[in-house]
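What TrEMBL records for this protein:
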- Gly12, Ser13, Gly14, Gln15, Met16, Gly17, Asp35, Glu94, Lys99, Ser121, Asn145, Lys276: NAD(+) binding site (BINDING)
- 7-185: domain '3-hydroxyacyl-CoA dehydrogenase NAD binding' (DOMAIN)
- 189-284: domain '3-hydroxyacyl-CoA dehydrogenase C-terminal' (DOMAIN)
- His142: site 'Important for catalytic activity' (SITE)
Amino acid sequence: MALAIKKVGVIGSGQMGNGIAHVAALGGFDVVLNDIAADRIKSALATINGNLSRQVAKKTITEEQRKQALARISGAERLEGLADCDLVIETAVEKEDVKRKIFNELCSVLQPEAIIASNTSSISITRLAASTDRPERFIGIHFMNPVPRMELVELIRGIATDDATFETSKEFVAQLGKQVAVSEDFPAFIVNRILLPMINEAIYTLYEGVGNVEAIDAAMKLGAHHPMGPLELADFIGLDTCLSIMQVLHEGLADSKYRPCPLLVKYVEAGWLGRKTQRGFYDYRGDKPVPTR
Ligand SMILES: NC(=O)c1ccc[n+]([C@@H]2O[C@H](COP(=O)([O-])OP(=O)(O)OC[C@H]3O[C@@H](n4cnc5c(N)ncnc54)[C@H](O)[C@@H]3O)[C@@H](O)[C@H]2O)c1
């Protein structure tokens with residue numbers, strides 16, 4: 001029932017886009033990487049090369065695999081460059097209007113049988129699917145960050161997603177060597193429904209002065225055996241993405257327990273988005289991260 005996937009398009013060349021392109025190319029797929037900003041495609045290719053080289057140094061892949069994977073990835077500054085892809089994964093910013101605009105343009109160039117997936121962290125797959133010409137061939141394929149290292153991928157069917165699309169996506173994820181968790185289409189799915197309220201609560205803990213940045217992160221690392229503190233993790237995810245997910249949870253579930261912390265809003269308004277802008281709950285511009293509060 002599954003369809004043959006050979007060529008994969010990736011829209012958005014940020015931290016998730018470069019990771020998805022990396023694992024798809026290593027998995028043997030041809031990859032076309034797109035972004036609205038041409039320089040992001042270039043820097044994504046450089047990041048992928050650096051990360052593949054690190055894998056070669058660690059002997060998890062061979063030099064030959066690195067070369068072959070890189071040769072499979074090309075960049076496209078316009079969506080027309082994705083016209084002959086069998087599967088296109090959208091991983092642009094977590095804003096519904098941006099994603100809808102992309103799908104609208106994509107549908108006009110993409111072959112009708114191709115599958116469209118979104119890597120959204122939280123937005124309704126059914127609603128995104130309804131903005132395309134192919135809701136039955138639309139699905140949520142939600143990778144975790146950092147993509148090359150994390151084992152899990154959530155698969156989310158919209159109300160109209162057909163069995164062939166689901167089975168094809170499942171096989172695609174298996175070919176990347178990752179495990180699938182199936183989630184129903186509810187705001188933020190499984191992982192972020194649980195993880196983001198915890199991060200938001202950590203930010204409230206900081207906001208209310210219960211602890212400072214270092215104390216909160218140390219408490220959860222040493223006291224709950226989390227590999228990263230929640231504020232460190234928020235910086236890693238991106239504070240804009242964290243805020244967007246909390247807003248989707250707050251609006252979608254209409255429960256005040258999901259209210260985004262005002263301090264999170266303030267950091268995003270300042271443009272302090274975490275690691276990607278060098279400043280968030282920590283300042284990353286020096287030799288080692290320094291708390292900003
Ligand atoms: N950061 C995480 O931990 C994480 C984990 C899983 C899923 N996601 C989801 O992945 C998506 C991307 O997140 P990210 O962390 O990579 O963000 P990012 O800010 O690193 O990258 C987003 C990229 O999208 C590009 N972009 C914006 N508008 C575009 C358009 N119209 N067309 C093409 N490209 C466009 C930007 O130029 C940027 O390069 C979001 O939907 C996010 O919720 C993020």
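Glycine is treated like the rest: Cβ placed from N, Cα and C.
Sequence features annotated in TrEMBL and their locations in the structure.
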| residue | record | Cβ within 10 Å |
| --- | --- | --- |
| Gly12 | NAD(+) binding site | 25 |
| Gly14 | NAD(+) binding site | 19 |
| Met16 | NAD(+) binding site | 24 |
| Asp35 | NAD(+) binding site | 23 |
| Lys99 | NAD(+) binding site | 23 |
| His142 | site 'Important for catalytic activity' | 26 |
| Asn145 | NAD(+) binding site | 15 |
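A Cα-Cα distance of 10 Å separates Met16 (NAD(+) binding site) from His142 (site 'Important for catalytic activity').
Break the domain '3-hydroxyacyl-CoA dehydrogenase C-terminal' (189-284) down by DSSP state and the numbers are 67 helix, 4 strand, 25 coil. If you average pLDDT over the domain '3-hydroxyacyl-CoA dehydrogenase C-terminal' (189-284) in this model, you get 98.
Cα spacing between Gly12 (NAD(+) binding site) and His142 (site 'Important for catalytic activity'): 14 Å, rounded to the nearest whole number. Secondary structure at Gly14 (NAD(+) binding site), as computed by DSSP, is coil.
On the backbone, the CA of Lys99 (NAD(+) binding site) and the CA of His142 (site 'Important for catalytic activity') stand 15 Å apart. Separation of the C-alpha atoms of Gly14 (NAD(+) binding site) and His142 (site 'Important for catalytic activity'): 15 Å, rounded to the nearest whole number. Rounded to the nearest whole angstrom, the C-alpha distance between Asp35 (NAD(+) binding site) and His142 (site 'Important for catalytic activity') is 19.
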